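Participant: Residues annotated as active site, cysteine persulfide intermediate in Swiss-Prot, with sequence analysis given as evidence: CYS328. Residues or ranges marked as pyridoxal 5'-phosphate binding site by Swiss-Prot on the basis of sequence analysis: ALA75, THR76, ASN155, GLN183, SER203, GLY204, HIS205, THR243. What Swiss-Prot lists as [2Fe-2S] cluster binding site is CYS328, and the listing cites sequence analysis. Feature annotation from Swiss-Prot assigns N6-(pyridoxal phosphate)lysine to LYS206; the stated evidence is sequence analysis.
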Amino acid sequence: MKLPIYLDYAATTPVDPRVAEKMFQCMTMDGIFGNPASRSHRYGWQAEEAVDIARNQIAELINADHREIVFTSGATESNNLAIKGVAHFYHKKGKHIITSKTEHKAVLDTCRQLEREGFEVTYLEPAANGIIPMERLETAMRDDTILVSIMHVNNEIGVIHDIDAIGELCRSKGIIFHMDAAQSAGKVPIDVQATKVDLISISGHKMYGPKGIGALYVRRKPRIRLEAQMHGGGHERGMRSGTLPTHQIVGLGEAAAIAKAEMASDDARIGALRDKLWNGIKHIEETYINGDAIERVSGSLNVSFNYVEGESLMMALKDLAVSSGSACTSASLEPSYVLRALGLNDEMAHSSIRFSIGRFTTEEEIDHAIEVITQSIDKLREMSPLWEMFKDGIDLNQVQWAHH
């Protein structure tokens with residue numbers, strides 16, 4: 001067993017060896033290295049064909065038409081292109097956007113930028129289980145609302161939104177629906193023929209593909225228009241200029257094909273490992289699961305260990321590669337804004353750890369993780385005066401702390 005044990009699949013995934021092998025075939029002189037836009041020779045034609053195959057593989061993952069797939073550098077760019085692209089194209093129709101407080105920073109900061117440009121954004125509060133209630137979404141809708149951006153699966157707590165219901169509501173009001181599927185594509189079934197979603201952001205490195213590549217699904221019927229954010233040679237039907245990185249795209253395509261073929265078996269195995277982990281640690285006193293216990297993606301487990309400081313717990317769990325929030329914001333010592341939005345106090349938010357399990361996690365690793373977590377919590381609580389006070393029946397919320 002290799003230490004530390006990788007339990008941070010929501011931050012990134014290793015490239016599947018089958019994907020890496022396909023990618024390498026598109027990089028060197030004796031491979032398919034050409035520019036897909038080179039129309040005058042075989043090197044270009046071969047690269048174009050490889051890109052077309054990958055585009056179809058990604059389309060098949062979500063049951064879309066291959067012409068609805070636009071390649072980007074990742075989900076952050078896809079989110080920017082979707083949200084800014086819609087806002088700038090449809091601004092004469094309205095300047096109101098709805099999103100939620102628990103979105104990824106790539107959505108929240110894009111919306112903040114649009115606010116500086118004169119757009120109005122409503123940030124919805126989730127319920128205590130992390131899911132946005134439909135009535136809150138409907139109440140926020142106005143005549144000048146042009147876009148709703150709600151994530152499919154949350155990156156910190158793993159809860160799944162009812163995208164069918166959100167899509168129906170948005171379509172009935174004539175509002176465009178964008179969904180950040182960075183954490184769900186390849187893990188949760190998505191069918192754009194059945195779900196009324198207009199724009200979907202997809203990330204390569206969250207589904208065992210390479211970093212630096214993603215896609216944006218843009219619906220053709222009814223047609224969604226976007227204003228380009230990246231200008232140049234007019235690639236991707238003018239929506240996203242830049243030479244297509246054949247090896248990255250082939251990697252994303254292969255990752256999508258594997259995910260589609262193995263989704264059900266992966267989901268069952270990963271879900272069983274997650275349940276094993278939770279069943280192994282839930283007996284620890286003052287341990288709480290964050291987010292809805294049922295409506296969640298199989299690989300995600302966000303747990304608060306009360307009266308233990310999150311950063312010291314991270315240090316104690318040096319055998320486990322885990323996080324105390326999203327990787328994109330873990331450099332800040334602020335408690336997770338997602339957990340704060342669920343109503344957790346600073347102490348509970350600070351004592352939370354995100355465990356995310358994936359394709360290469362083993363039973364042996366989970367057994368070791370349970371042992372390490374149990375021992376670390378016991379050790380840290382022995383040293384904690386707060387734990388001692390709690391065990392003595394003192395209500396810590398009522399304590400008047402002296403200010404120094």
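Every residue gets a Cβ built from N, Cα and C, even glycine.
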Participant: In Å, rounded, how far does the Cα of THR243 (pyridoxal 5'-phosphate binding site) sit from the Cα of LYS206 (N6-(pyridoxal phosphate)lysine)?
Facilitator: 23
Participant: Could you measure between THR76 (pyridoxal 5'-phosphate binding site) and the residue listed as 'N6-(pyridoxal phosphate)lysine' for me? Cα positions, answer in whole angstrom.
Facilitator: 12
Participant: Minimum Cβ neighbour count within 10 Å among the recorded positions HIS205, LYS206: which residue?
Facilitator: HIS205
Participant: Between ALA75, THR76, which of the binding-site residues has the fewest other CB atoms within 10 angstroms in the structure shown?
Facilitator: THR76
Participant: Do you know offhand how many angstrom separate GLN183 (pyridoxal 5'-phosphate binding site) and the residue listed as 'N6-(pyridoxal phosphate)lysine' by C-alpha?
Facilitator: 7
Participant: Let me know how many other Cβ atoms fall within 10 Å of the Cβ of GLY204 (pyridoxal 5'-phosphate binding site).
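Facilitator: Neighbour count, Cβ to Cβ under the 10 Å cut-off: 33.
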Participant: Far apart in sequence but close in space: which same-chain residues, 6 or more away, have a Cβ under 8 Å from SER203 (pyridoxal 5'-phosphate binding site)?
Facilitator: GLY74, ALA75, SER78, ALA182, ALA185, GLY214
Participant: Where among the binding-site residues ASN155, GLN183, THR243 do you find the Cβ with the fewest other Cβ atoms within 10 Å?
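Facilitator: THR243, out of the binding-site residues ASN155, GLN183, THR243, has the fewest neighbouring Cβ atoms within 10 Å.
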Participant: Quick check for the class: what is the C-alpha distance, in angstrom and rounded, between the residue listed as 'N6-(pyridoxal phosphate)lysine' and ASN155 (pyridoxal 5'-phosphate binding site)?
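Facilitator: Between the alpha carbons of the residue listed as 'N6-(pyridoxal phosphate)lysine' and ASN155 (pyridoxal 5'-phosphate binding site) there are 10 Å.
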